[in-house]
Amino acid sequence: MDDLSPEEIQLRAHQVTDESLESTRRILGLAIESQDAGIKTITMLDEQGEQLNRIEEGMDQINKDMREAEKTLTELNKCCGLCVCPCNRTKNFESGKNYKATWGDGGDSSPSNVVSKQPSRITNGQPQQTTGAASGGYIKRITNDAREDEMEENLTQVGSILGNLKNMALDMGNEIDAQNQQIQKITEKADTNKNRIDIANTRAKKLIDS
């Protein structure tokens, strides 16, 4: 640089500024693409969470329906003069350890027990903006022109997007953990419902064959 004339130094400064500006534009473009991908992932997780809620509600409804079906079987046994165990069949099933472990004492999942947590920092598909650059700015100004203004703005946006991406990653991790727990709960409910249905089918077959 010592061998360069003032004009050449100025030309080189403008060249570096142009290259730096293009770099910040590319970085901003990549950051926006990453943010868009994150928003789409958040939306998909939200939709998946709603589907899991509907599935779990279906398991709860089957549980309620089976309780009524067991009551009907007990009444039919009485009407047919068949021997009924002293303990109510439904009570016996619902007092079992596996049933209580799955459904709790109430036998139904209250709304508070259904996983409903959704990402909190996304509103209508738009991430909540975080704070931008510090008061000193991101770049050291050389030419002090509109290009450096754009570079500063680009890097400020990148900094904000990176903050949003961090928040989205935390939200996605929490939501995935919650959904994994809900899937495990749904599996347990499905197994318990199947066992309950099998027992009811056996009782119904005995009633038909009697």
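Glycine is no exception: its Cβ is also placed from the backbone N, Cα and C atoms.
Residues or ranges marked as coiled coil by Swiss-Prot on the basis of similarity to another entry: 23-76.
According to Swiss-Prot, the feature domain 't-SNARE coiled-coil homology 1' maps to 14-76.
Summarising the annotation, Swiss-Prot assigns S-palmitoyl cysteine to Cys79 (among others). Sequence-distant neighbours of Cys79 (S-palmitoyl cysteine) (same chain, 6+ apart, CB under 8 A from its CB) do not exist here. In this structure, Cys79 (S-palmitoyl cysteine) is part of a helix by DSSP.
Taken from Swiss-Prot, the feature S-palmitoyl cysteine applies to Cys80 (among others).
What Swiss-Prot lists as S-palmitoyl cysteine is Cys83 (among others), and the listing cites similarity to another entry.
The feature S-palmitoyl cysteine is assigned by Swiss-Prot to Cys85 (among others).
Sequence annotations record features per position, and here Swiss-Prot assigns S-palmitoyl cysteine to Cys87 (among others).
Annotation comment: Swiss-Prot describes Met1 as N-acetylmethionine, evidence class similarity to another entry.
Mapped onto three states, the DSSP output places Ser5 (phosphoserine) in coil. Feature annotation from Swiss-Prot assigns phosphoserine to Ser5 (among others); the stated evidence is similarity to another entry.
Marked as phosphoserine by Swiss-Prot on the basis of similarity to another entry: Ser20 (among others). Counting every protein chain shown, the Cβ of Ser20 (phosphoserine) has 16 other Cβ atoms within 10 Å.
Look at Swiss-Prot and you will find Ser23 (among others) tagged as phosphoserine, backed by similarity to another entry. Listed in sequence order, the same-chain residues six or more apart from Ser23 (phosphoserine) with CB atoms under 8 A from its CB number zero; the list is none.
For Ser34 (among others), the entry in Swiss-Prot reads phosphoserine, with the evidence type similarity to another entry. For Ser34 (phosphoserine), the same-chain residues that are 6 or more apart in sequence and have a Cβ closer than 8 Å to its Cβ are Ile161, Leu165.
As annotated by Swiss-Prot, phosphoserine applies to Ser110 (among others), with the evidence given as similarity to another entry.
The phosphoserine annotation in Swiss-Prot covers Ser160 (among others), and the record cites similarity to another entry as its basis. A sphere of 10 angstroms centred on the C-beta of Ser160 (phosphoserine) encloses 19 other C-beta atoms.
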TODO: Please list residues from the chain of Ser5 (phosphoserine) whose Cβ is under 8 angstroms from its Cβ, counting only those at least six apart in sequence.
DONE: none
